[in-house]
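Student: This is the structure I want to talk about, given as structure tokens.
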Amino acid sequence: MSGQVLVFQLLNGIGIGMIYFLLSVGLTMIFGLMRFVNFAHGALYLVAAYAAYVVSQATGSMLWALLFGPLAAALLAVVAERLLLRHTYAMPHEAQILITFAVALIVQEGVILVFDPLAKNVPVPDFLSGIVFLGPFVYPAYRLAVVAVSAAVAVLLWFALERTRFGAILRAGSESTEMVSLLGIDVHRVFLGAFALGGALAGLAGALAAPLRGVEPFMGLEALGIAFVVVVVGGIGSFTGALLGGLLIGVVQSVMSSLWPEGARLMIYGAMALVLLVRPAGLMGRA
Amino acid sequence: MSAFREGGRFPDASTVGIAATLVALPFVLPSVTLASEVLVFSVAALSCAFLLGMVGLLSFGQGLFFGIGAYVSAVLLKDHGLATLPAVAIAAGASAIGAGLIALLAVRRHGVYFVMLTLAFAQMGYFAMLALNHVTGGENGLTGVPRPPLLAGMGALSGSEAIYAFLAVLAFAAYLLVQRVGASPFGSVLRAIRQNEPRAEALGYDVRRFKVAAFALAGLLAGLAGAMHTVFLGFAPPNVIELEMSERLLIMAIIGGAGAPGAAFVGAGFYVVMADWLSTLWPRWLMLIGFLLIAIVLFLRDGLWGGAAAALHRLRGRGHG
């Protein structure tokens, strides 16, 4: 593999990795806060990608799609939490997993019902459809924009978690929900906020990914598998872990796709198996 | 979630009930083919129900071992000219080994992490199938798998009735195996792990080794079901190893309830017959299965089997009172 191809694939990998980070950070955050595994997390990504498809068809503008995708996902997360999920917090993990899995199934079938099972293309926004010259390299502008947007969101999110009151409550809640509750904070509103935020982030991942990979009804399930790999590799409950895990998986997938195209996806799981073997708790995980 | 009963006896009344059901099924259902499909998925769902009911392990990955069984048997029958019975046996053995190897990694994590890993490894199986497309046929699957005699020198396995009879014997054997394990000391240790893992460990049991053994046994069952699927269809389609297959098997096990080995047969039968009936009426019938799943988890913890058993118990109680 020549140097130029390697740099190209590394950049691609960072772009994919940042999308994987956005996808997984909400899952890991919600788990850290309430020990709740959301098997419907991939459905949020799915709904946002389809919302982006509809909006970009209707308005011809990807910018609106980037706004409405996350909004649709956050809305779904909030509705699901209010109507169903909050009644399962006291149940065993198995029950939560099965119920959220059923929600994912219902959303997936709903998407096929409204649209159809076929894959659809989402156009790259006009003003980002060109290429950018980076010194001696040329690179698609949209992919560069994905890296820039997701990096900006990652910084904002870090700032929100570390420097705001809501972030402090979230972090305290993941240490001890009971203590936070005793301090007079309504934890149920915090949970709802965490679901909305996690949904919006997964939604942003779905909307950003839509022009890169198109949309199809089973992308939610695939995304769920990827998010699990990211949190297993990075260590669950950790912001840095999700970032490292996402980037590592994205780069492995991208670099392998030029070395062994048929096996690129397989190597993601190979990387996960390797991490499990040498560091079972994940890169940033607490044992 | 529900669990296999304490100190189940072997054989008991349910053994007779299952045998009778297997004989009656092709006459009750609209076609022998549908009855054969019920058998294939009963054994596969049994794999999920065994893990959940005996060891308390929720697996989103049994489709991987189902797929391994389906592909290994297809390759052996098609390219290596093996007779049916050895091909099925080797396929089930290969799945058990695969499951044991994956379990060695997966048991390093507990609880929800374990569940996530089963899903991730199931997804890995699908991509491995695509990567090895020169063996597996990739997106096309393996077509034109022959149905040779059970053993070299015997008559050919032909006709849907003969295939049903063969599958029924295998399904009954799988049922007996799970029931026997449930009544064994090994089964008691698995139940102890399900009830309280730290306690089982404190008693001196090597919990990881027991979990790996149980997972390998479940892999054997799922692999057997996959090989049965290949014999039944004469074809190994790529969907046997897709993540949707893992989900389908788990749904069957949950609908039936993990309270007894027979429940898996009820869940699989319900799902396959519903699929046959509803899919012609409304292609999106899986949405209804989603709602049913939520209802079962919220209101009928022990699945259809447990619900029926409770109703029977209440009727009997009323009779005595």
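Please read every residue number as a count from 1 along the shown chain.
In case you wondered, yes, glycine gets a Cβ from its N, Cα and C as well.
Just lifted these from TrEMBL, have a look:
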TRANSMEM  B:12-32  transmembrane segment
TRANSMEM  B:38-71  transmembrane segment
TRANSMEM  B:83-106  transmembrane segment
TRANSMEM  B:112-132  transmembrane segment
TRANSMEM  B:153-178  transmembrane segment
TRANSMEM  B:212-237  transmembrane segment
TRANSMEM  B:249-273  transmembrane segment
TRANSMEM  B:285-312  transmembrane segment
Student: Any residues 6+ beyond the ends of the transmembrane segment (B:212-237) with a Cβ under 8 Å from its own?
Tutor: 36-37, 39-41, 43-44, 46-48, 50-51, 54-55, 57, 59, 62-74, 77, 84, 87-88, 91-100, 102-104, 106-107, 136-137, 141-147, 157, 163, 166-167, 170-171, 174, 177-178, 181, 186, 190, 249
Student: Mind checking which residues reach the transmembrane segment (B:153-178)? Cβ under 8 Å, same chain, six or more beyond either end.
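Tutor: The answer is 10-11, 15, 18-19, 22-23, 25-26, 32-33, 35-36, 39-40, 42-43, 46, 50, 83-84, 88, 147, 221, 224-225, 228, 231-232, 261-262, 265.
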Student: Output the single range from B:38-71, B:249-273, B:285-312 maximising the number of Cβ pairs under 8 Å to the transmembrane segment (B:12-32).
Tutor: B:249-273
Student: Can you name the far-off residues of the same chain, 6+ from the ends of the transmembrane segment (B:249-273), with a Cβ under 8 Å from a Cβ of it?
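Tutor: Long-range Cβ neighbours of the transmembrane segment (B:249-273): 1-5, 8, 14, 17-18, 21, 29, 34, 37-38, 41-42, 44-50, 52-53, 58-60, 62-63, 66, 171, 175, 178-179, 182, 222, 289, 292-293, 296-297, 300-309.
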